[in-house]
Amino acid sequence: MNYTYLFVLIWLAYLICSGVLLFSRGFLLARVSKTETSSCRHLSTNPDDEYYLTPEVVQEIFKDVNASTSSNLCLPQKSKVIMLVIDALKYEFGVYKENATEPPLPYENKLEVLHRLLQQSPEHARLMRFRADPPTTTLQRLKGLTTGSLPTFIDIGSNFASPEINEDNIIDQMVKSHLPLVFLGDSTWTDLYPRRFKRAYSYPSFDIFDLDSVDNQIKQRLPKELASNDWQVLIAHFLGVDHCGHKHGPIHDEMARKLTEMNDIISSVVAAMDNETTLLIMGDHGMTASGDHGGDTDDETNALLFAYTKQHKFYTSNDSGSDSELLQQIDLVPTLSTILGVPIPYSNLGLINFNIVPAIAVPHLSKFQTLLLHAWQNAHQIYRYFFKYAMENKRTFNVEEMDKLETEFILLTHRVQTIYNEAAFKSFVRDLNINLRDILNVCREIWVKFEPTQMSQGLLFSFLPIFFAFLLVNNSNAGGYAQIFKPKEVFYTFLINIAAGVFGYRYYKSFSFKTEEHGVIFFTSLLSAVLLAFYTIRHWKSIANNWANVKRFGHMPTRLLLFASVAVFFSNSFVIQEAKILSYLLVAIILLFVYELLQLSARLDFKNKFKWSQLLRSTTLRLVLASLLAICCIRFAYTLFRCREEQGNCADFASASTAGFSVKKPAMGKTYILAVVIIVLYTTLTRLYLRSCGNLTGNSANVLLARYGPTVASICAGGHILLANSTVKNIQRTHIDTMALVIYGLLLLQILVVSWSPLMVFVLPPKNPNTITVNGQDSIVPEIFRKMKRMYEGDDAEQRYEIPVVYGLATVYSSIIISFGVFLAMLMIVLLEPRASIGLIVCIVVGAILLSLHGILRYRTANSFESCVQPTFSAVVGWFLLAHFCFFATSHQTTLSQIDWRAAFVGRSSALGQSHLISGTLVILNTFCGPIFFYCMYSLLSTETFSLFALFPNLIKSCSSNSNTNNRSNAKASSAATALSDLANDAVGFDMTRGELALYEYEDVFLGAGFKLATQFFMLQGLKIFCAMLACTIHCRHLMVWKIFAPRFIYEALATFVGLPALIVGYLLLLRINRAVDGLIKCINKDK
């Protein structure tokens, strides 16, 4: 029956996690970044170059255009390029309205230089709608503008720790082709492409209220760069228009001022550029009427592109068949490659738009031959990338669609050989562009669009198990779960779910699901929801009765605190300040405990003389002081928080500039010394606690490990902290790794010992009742007589000899959990940064104080064993908040750029191989150490009340009602234990002095309460991830969805994926201990 609860927990965890996974499939736009790069033979007009362009070479090329030597060519460079990127330059900002009857809006008719150039030189200028693909955020748009692909939120590549682009792009192709680049403006460019520019003047872009600083810096340096002749590409990225939109919106006088300023800058650039340069002015995205962007509305996706050359004309639509009014943003990459004569990046999906390519003649090639070569190079590159990607990700693409596209491509490869005139070229290029756009649409369908069906189903299937768990488990008695979840029924539930999964896997296409995964999740979740509804309806009577006994407005302060914690997800500013919000809520929980404690404490009797000594010795005062210590610890954790980019003016202590530990400069290593001292204190105090409980007596495997293991682990952890961060250069890495490996080994040994022989108790052999002890001066005869008399009368003292003495029995459950927690904490400490390890131990201290406060309060408010073993709702919420607060206290933040990838390599330079699974596990343990640790330790909330009163039995007396305190002097010293026993029986209905042995005596209720507590944490974690999903759904078109909301959802989803299994491990540990205790009790009874 005990393991039935375990399988129910696994079932609920699967349902919640599968719902989250299904939602993420529809919300998180993902593709796999390819690391391959393009290359080409550079045809040259210089006779000294390797590939000199001659009539014979041209004839060889057109002899077989599909040959590898012909389909991998780069024609000569046509001009230099100046790119002026005006962030959020909406298409309407550049459209000039002539003869307007009404006064123009602030953003209208301000870029008059564009209109003037179009009027003066229509063959040298182009104004086009520049269509962006969502998400329309600057980072993702810059990826699209430089790679030619469709950037998604998750570009899965080899470099996770940096925003640097690791797939082929136009910037790298320019560098490889020895084209010098100069950059000015938004620092996002230098983050994406560090060390690529000959000169770079980058400035931070976060302060959206600053309209002028970055633009003024560019204006100051731009004239000098224009006068220089040592570059081939110049890029300037202005931010003022975008910031103005965020601050004021487009219809504001400030927007008129910024656009006028941009107009002056463009005019000065046009005047300064030479005849061999192409000017490209563009926006990366548009903006809404409120000035925001990030979604896929026309206002957000329609940016502006303007192209201009002084001397050379552009190709026309009549020449090439390219669209003259609309340019897809991804088309910019192959177009730039054509202008500059560099290879088109490998993952490009865009088409060359010849309307902004200077029509410069290539020797020995006619116009249509030049255009054909460019177009066919573009087509070969797209097909090469698309079909290789599709073959490596077969399940992502529709097989029939792929066959159709491949057939069309084969036909085009035959057709390209028959083009000998301009008319044939125009017909061919029209069909080619249609086919290439079909490929783009297939990719866009997969990578860019949200899947509302999967998102809505994910929300529904993650909510239903939480809802039914609340009805079925939360509103039932701990002792009644055996009647609800019967072993056979749970077994059949699993069989039915497996059958539903097989059905979904086999027939997913029949229900229009794209993947087998979707079919499996849909049918198993749907069937499970029906089964949970059946369970609920069948036991509705008992559920309703229990629900009726619950106070309607009970725990209202705690409910409000819980509501505040999940409301964080719906505001971007709350997400940014989530660490502080959690600290406030955690302090509020502690103050709530103190308030309840003071309410239940005995009031001062002012009729009698007040005694300060009595107050100082009182349990209440000590607990209040402990609460103040917990609040101070939480406040201290502020110094350990890691900052976000959005917070501004934040010095990241984990940066590479942080000084290491040095013996010669001890002040630089004070953080590391403090971390080592705190680690040693933690292990020492834990060991002292276990020894005082009697759990370190004896020589069993777990006792020996608990006695010596933490000491060894603390030495290794301290040594690892000091040496891994040392500035001394001659320390061998293998020596540092060995310390980490020792800690890994100790945790594995702990797991093996707990699986084999978990108990930390020692059974003292009983004394021989027939032994007679006589002092040297006494006679032996009277002692023999007394002995015979006691045996004849059946004295209780004689019978006591038959009762064995067992050390550590009062803390038989909690001691093992605490010991396991020490080794788990030491593993996390060695993976964390030194300051982060301090944060983990600070949270453990706060957790210990929470347990003490709750233990006293639970005894004072309980009236039965079940109410005593079931924690209060405030304690459950407090433990839950502490688990998530520990994430921030250990110097983590919910941004992808701040993941501590260093943990993946701790202890692995010479061992454990190169397994990505091990790397991922270590990073997960580092990142989510708080939820994992506190969820594994969750059962202490049920056990600590019993161990506390067993270790300090006088608490029973001090916690008794005021009416009993006046009779303390009448009790005899010989019956003190009995009196305490009676007090406990009067208060909670059982003898609390037996400690955690009472948990075994009420085994069914205890294990049911542990199951209920785990389910409550399931519901809280499920509620939190559900709110994160709902917030992402509501804000899916919000400006900050990819910057703030999506990363926050990813972190919460991962916390759910590791937190729920951690709770299952905690319950499994409880079951293993209970089984061992059962064996011990049976063994003792057998020996008797």
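One-based numbering along the chain as shown.
Backbone N, Cα and C atoms are what each Cβ position is placed from, and that goes for glycine too.
Annotation source TrEMBL lists domain 'GPI ethanolamine phosphate transferase 2 C-terminal' at 873-1055.
Summarising the annotation, TrEMBL assigns transmembrane segment to 459-478 (among others). Same-chain residues lying 6+ beyond the ends of the transmembrane segment (459-478) with a Cβ under 8 Å from its Cβ atoms: 12, 15-16, 18-20, 22-23, 484, 521-522, 525-526, 528-529, 532-533, 535-536, 539, 542-543, 546-547, 550, 866, 869-870, 1005-1006, 1008-1009, 1011-1012, 1015-1016, 1018-1019, 1022-1023, 1025-1026, 1029-1030, 1033.
Per TrEMBL, transmembrane segment is recorded for 490-508 (among others).
Taken from TrEMBL, the feature transmembrane segment applies to 520-537 (among others). When Cβ-Cβ distances below 8 Å are used as the criterion, the transmembrane segment (520-537) is approached by residues 11, 14-15, 18-19, 21-22, 457, 461, 464-465, 468-469, 471-472, 484-485, 493, 496-497, 500-501, 503-505, 508, 511, 513, 543 of the same chain, each at least six residues removed from its ends.
Counting residues 6+ beyond its ends, the transmembrane segment (558-575) has Cβ neighbours under 8 Å at 581-582, 585, 588-589, 592, 873-874, 877, 881, 884, 894, 1020, 1023-1024, 1027-1028, 1030-1031, 1034-1035, 1038, 1040, 1044-1045, 1048-1049, 1052 in the same chain. TrEMBL lists 558-575 (among others) with the feature transmembrane segment.
Residues or ranges marked as transmembrane segment in TrEMBL: 581-598 (among others).
Taken from TrEMBL, the feature transmembrane segment covers 619-638 (among others). Sequence-distant contacts of the transmembrane segment (619-638) (same chain, at least 6 residues past either end, Cβ-Cβ under 8 Å): 580, 583, 586-587, 590-591, 593-594, 597-598, 601, 839, 842-843, 845-846, 849-850, 852-853, 856, 885, 888-889, 955, 958-959.
Feature annotation from TrEMBL assigns transmembrane segment to 671-690 (among others).
Here TrEMBL flags 741-764 (among others) as transmembrane segment. If you look at the transmembrane segment (741-764), the same-chain residues 6 or more away from its ends with a CB under 8 A from one of its CBs are 690, 694-698, 700-703, 705-706, 709, 712-713, 716-717, 720, 804-809, 812, 815-816, 819-820, 823-824, 826-827, 830, 907, 911-912, 1069, 1072-1073, 1076-1077, 1080, 1084.
Sequence annotations record features per position, and here TrEMBL assigns transmembrane segment to 805-831 (among others).
The transmembrane segment annotation in TrEMBL covers 838-857 (among others). Tertiary neighbourhood of the transmembrane segment (838-857): same-chain residues 586, 589-590, 593-594, 596-597, 600, 619, 623, 626-627, 629-630, 633-634, 636-637, 640, 671, 674-675, 678-679, 682, 825, 828-829, 832, 871-872, 874-875, 878-879, 882, 885-886, 889-891, 929-930, 933-934, 937, 940-941, 944-945, 948-949, 955, 959, selected by CB-CB distance under 8 Å and a gap of 6+ residues from either end.
The transmembrane segment annotation in TrEMBL covers 877-896 (among others). Proximity of distant same-chain residues to the transmembrane segment (877-896), defined by a Cβ-Cβ separation under 8 Å and at least 6 residues beyond the stretch ends, is recorded for 160, 558, 561-562, 565, 575, 578-579, 582-583, 585-586, 589-590, 593, 634, 637, 640-645, 653-654, 832-833, 835-837, 839-840, 842-843, 846-847, 850, 854, 871, 927-931, 933-935, 938, 941, 1017, 1020-1021, 1024, 1047-1048, 1050-1051, 1055, 1059.
The transmembrane segment annotation in TrEMBL covers 1049-1070 (among others). Counting only same-chain residues 6+ beyond the ends of the transmembrane segment (1049-1070), those with a CB under 8 A from a CB of the stretch are 5-6, 9-10, 13, 16-17, 20, 24, 27-28, 569, 754, 813, 816-817, 820, 883-884, 887, 894, 896, 924, 927-928, 931-932, 935-939, 1007, 1010-1011, 1014, 1017-1018, 1021-1022, 1024-1025, 1028-1029, 1031-1032.
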Task: Intrachain residues whose Cβ lies under 8 Å of the transmembrane segment (490-508), provided they are six or more past its termini - done: 4, 7-8, 11, 515-516, 518-524, 526-528, 531
